Amino acid sequence: MEAVLNELVSVEDLKNFERKFQSEQAAGSVSKSTQFEYAWCLVRSKYNDDIRRGIVLLEELLPKGSKEEQRDYVFYLAVGNYRLKEYEKALKYVRGLLQTEPQNNQAKELERLIDKAMKKDGLVGMAIVGGMALGVAGLAGLIGLAVSKSKS
């Protein structure tokens with residue numbers, strides 16, 4: 001599963017699917033499969049703007065898809081949001097998938113990895129906030145010391 005989350009699309013694949021998508025768009029009608037393939041490539045890009053664009057395309061597809069297609073759309077929406085560190089959104093999608101398919105092992109594993117990432121980022125976030133609080137307290141102490149020395 002971690003391979004799926006960390007896999008990067010090749011520039012060549014991205015350009016090929018982008019060309020196909022734009023060609024169909026120019027002709028006035030983009031097929032669901034073309035839009036999904038392009039979105040799937042974008043979600044695996046190393047650029048956050050591409051990932052966001054892929055998420056938008058997947059969200060557009062969601063109401064149009066069959067049950068099987070929707071499962072894929074929701075899964076890659078979770079993957080895209082995970083890659084953007086939008087863990088709450090990623091969890092929303094993966095838990096929605098697990099409601100309809102409680103035995104989906106891929107979704108269970110993705111949920112576990114999202115929870116793990118949230119805990120890791122949460123601890124890092126708390127450490128940063130704690131460090132900032134110590135820094136502010138230290139600065140206040142130094143200012144207090146300087147003020148008291150200047151009065152002496």
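Start at 1 and count along the chain as shown; that gives each residue its number.
From the backbone N, Cα and C atoms, a Cβ is placed for every residue, glycine too.
Annotation comment: Swiss-Prot describes Met1 as N-acetylmethionine, evidence class similarity to another entry. All protein chains included, Met1 (N-acetylmethionine) registers 14 other Cβ atoms within 10 Å of its own Cβ.
The topological domain 'Cytoplasmic' annotation in Swiss-Prot covers 1-122. Each residue in the topological domain 'Cytoplasmic' (1-122) gets a DSSP state, and the totals come to 100 helix, 0 strand, 22 coil.
The phosphoserine annotation in Swiss-Prot covers Ser10. The Cβ neighbour count for Ser10 (phosphoserine), using a 10 Å radius and every protein chain shown, is 10.
Annotated repeat 'TPR' per Swiss-Prot: 71-104, in sequence order, evidence recorded as sequence analysis.
The annotation transmembrane segment is assigned in Swiss-Prot to 123-143.
Under the heading topological domain 'Mitochondrial intermembrane', Swiss-Prot lists 144-152, citing sequence analysis as support.
Met1 (N-acetylmethionine) sits 19 Å from Ser10 (phosphoserine), taking the Cα positions as reference.
Across the residues of the repeat 'TPR' (71-104), the predicted structure has a mean pLDDT of 95.
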